[in-house]
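> For reference, Swiss-Prot lists these features for the protein:
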- Gly73, Ser76: Na(+) binding site (BINDING)
- 9-29: transmembrane segment (TRANSMEM)
- 35-55: transmembrane segment (TRANSMEM)
- 63-83: transmembrane segment (TRANSMEM)
- 94-114: transmembrane segment (TRANSMEM)
Amino acid sequence: MRQKAGSYLAVFAGGAIGSVLRELLGFQLPGLSFLTATFGINIAACFLLGWLYAIRHRLHPHLLHLGAVGFCGGLSTFSSFVLELDQLTRMDGWSIGLTAMTLEIAAGLAAAILGEALGRGREARR
């Protein structure tokens with residue numbers, strides 16, 4: 001029970017930090033469109049999540065929960081991504097919306113793969 005409580009607290013703390021950072025970054029990037037800011041933040045979270053996955057066996061479970069589930073989960077947001085795609089589609093049409101969706105998913109996957117590769121590369125050098 002203590003292990004689960006510690007994991008829950010780690011997720012809570014990481015989520016709080018990630019969510020606040022996301023909000024701060026949103027305010028710091030006022031010149032960017034809403035879709036561009038969300039895109040950048042989500043891609044950064046995908047990269048970090050891939051890196052954490054690669055080094056997960058070296059991390060205490062609470063630290064992994066804090067970083068992966070909490071921080072990355074709080075930093076990135078699927079709901080904002082979908083809402084912004086909906087708004088983009090309504091303003092600019094389905095082809096633009098589908099293109100943006102495809103690009104963000106592909107970039108997120110590429111970022112996660114790159115983060116994991118860099119994490120594994122670091123592990124190999126140890």
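Just so it is clear, glycine is given a Cβ too, placed from its N, Cα and C backbone atoms.
These numbers come from a predicted model, not from an experiment.
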> Tally every other Cβ atom lying within 10 Å of the Cβ atom of Ser76 (Na(+) binding site).
21
> Within 10 Å of the Cβ of Gly73 (Na(+) binding site), how many other Cβ atoms are there?
19
